[in-house]
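K.L.:
One structure follows; several queries about it will come next.
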Amino acid sequence: MLGIISGALLQLRAEFRLSCVQQEALVSALLIGALLASAVGGCLIDRYGRRSSILLSNVLILTGSLVLLGSSYPALVVGRITVGFAMCISSMSCCIFVSEMVAANRRGLLVTLYEAGITVGILAAYAMNYVLSDTKGGWRYMFGLAVVPTLVQLASIRFLPSSTRESSSQRHCGRPEEDLTSSTGGPDEAESSGRGRQVQYGVLYLFQRKDNMRTRTAIGLGLVIFQQLTGQPNVLFYASTIFHSVGFQSDASAVLASVGLGLVKVIATVISMVFADRAGRRPLLIGGCSVMAVCLITIGFLSGHSDFIANTTSLPPVQGSAVNWIILVCMMFVVSAYSVGFGPMTWLVLSEIFPSAVRGRAFAFTNCFNWAANLLVTFSFLNVVDVIGLSGTFLLYGLTAVAAVVFFYFMLPETKGKSLEEIDKELCLNRMQHSEECCSVISRRLTSLQYQRVHCQLSTSGCSN
């Protein structure tokens, strides 16, 4: 459903004669549903469990897909809102489920595998858009085919364990989570289940200095907000429209270029999946953001050049064609860098840095800002382009990516190879190191100082220090 709208929008715009505002509203309807789900999804996930939440999301996707087959604009908007709500619940539940189920040395691989599944779905959506781009009423088939993977997931849910929550055994900051009631500003109602009484925490707990929760929340918000403000949603949702703007004239050629982006996204996500537990979260995020910054700024300059060529008849058309292909390559690098860094690493880190008892609500809280920023960026895209042009828009995205690199360099901890309990304890004590290299340097320095101290004590001649 994420990628389908890119191709379907070209047909819907012609069939329903949609204005710019109506196109933005239709694209953004999915984000409105996701934003609503973020507001209530944390309570659902923590109270009723991860598996039940995944089941609910499947039912809602089926319902929304049927509504999308209607023949009116309001039905399309309602259907997109329903699907967006379900998609958000599913993404949060699945990431938390996987992170709690697997061992520390495999957590990066398997959480990123979920993101790889999303990118394969986006590629399939782009390919379907291309196949159906010249079919009358093809947008109905595009939306309807989303039912197939939903039914497959719905059938596989019965094989999942009922819950993976660790709160009955995991300790928070070195002590049982049940002992933290006084630090939460008053817990919500306790959750009753076959495993016994488990304490739930309010959202205010995320802003307390105790247990370093304020820093954790700042890291989470930085991840999701920078992820959206670098413009990736618009590259995804408006891919075909952007390619139209820079010179890919026919619907088929613009959609085919989008298929190329989807393929690159899948390959890059697989690379990220392989290196998440080897290179670590920090290098992939910082490196990915750096590449995005360079390529987005390049697109900004070249798209302005492309507009100039399009409006100047004295220049040979082959020159404009070369610029268009350079823009396409840069777009592919942007998508690749995002799929290596922001795409999988954001959700992996979010699933690791919060304690188990509040993980669902913390994930939902940060996700709420994620979808709010996504909604803002997506809904305003066409209007922003009208005001400052495609060139200015991409330059703005590039500068935001530069700011993200600085933020991650100073704030983002490295969590690879550590259990969730170890990560929680180190963050509570504010001892999380930014990289293994930093840790090794400190370790060598401490070892050297200890050796000097012992040597001084044993030396017969004494030591001036």
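Going from the start of the chain as shown, residues are counted 1 onward.
Cβ coordinates come from backbone N, Cα and C, glycine included.
For 1-416, the entry in TrEMBL reads domain 'Major facilitator superfamily (MFS) profile'. Summarising the annotation, TrEMBL assigns transmembrane segment to 26-45, 52-71, 77-98, 110-132, 138-160, 218-240, 252-276, 283-302, 322-350, 362-382, 394-412. The region 'Disordered' feature in TrEMBL is assigned to 165-195.
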K.L.:
In the same chain, who gets a Cβ under 8 Å from the transmembrane segment (52-71) while lying at least 6 residues past its ends?
P.N.:
1, 41, 44-45, 78-83, 85-87, 89-90, 92-94, 97, 140, 143-144, 146-147, 150-151, 153-154, 157, 160
K.L.:
Can you say which of 77-98, 138-160, 283-302, 322-350, 394-412 has the most Cβ pairs under 8 Å with the transmembrane segment (110-132)?
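P.N.:
Looking at each of 77-98, 138-160, 283-302, 322-350, 394-412 in turn, the most contacts to the transmembrane segment (110-132) are made by 322-350.
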K.L.:
On average, what pLDDT score does this prediction assign to the domain 'Major facilitator superfamily (MFS) profile' (1-416)?
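P.N.:
Residues in the domain 'Major facilitator superfamily (MFS) profile' (1-416) carry a mean pLDDT of 79 in this prediction.
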K.L.:
Are there residues at least 6 beyond the ends of the transmembrane segment (283-302) whose Cβ is under 8 Å from a Cβ of it, and what are they?
P.N.:
226, 230-231, 272, 275-276, 323, 326-327, 330-331, 333-334, 336-338, 340-342, 345-346, 349, 391-399, 401-402, 404-405, 408-409, 412
K.L.:
What residues elsewhere in the chain lie close to the transmembrane segment (394-412), defined as a C-beta under 8 angstroms and at least 6 residues from its ends?
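P.N.:
Distant contacts of the transmembrane segment (394-412): 215, 218-219, 222, 226, 229-231, 281-282, 285-286, 289-290, 292-297, 299-301, 303, 349, 388, 434.
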K.L.:
Are the transmembrane segment (362-382) and the transmembrane segment (138-160) close enough to be called in contact, which here means at least 3 C-beta pairs under 8 A that are separated by 6 or more residues?
P.N.:
no
K.L.:
Hey, which bits of the same chain come close to the transmembrane segment (77-98), Cβ under 8 Å, at least six residues off its ends?
P.N.:
1-2, 5, 25-26, 29-38, 41-42, 44-45, 50-51, 53-54, 56-61, 63-70, 107, 110-111, 113-114, 118, 143, 146, 160, 164, 347-348, 350-351, 359-360, 363-364, 367, 371
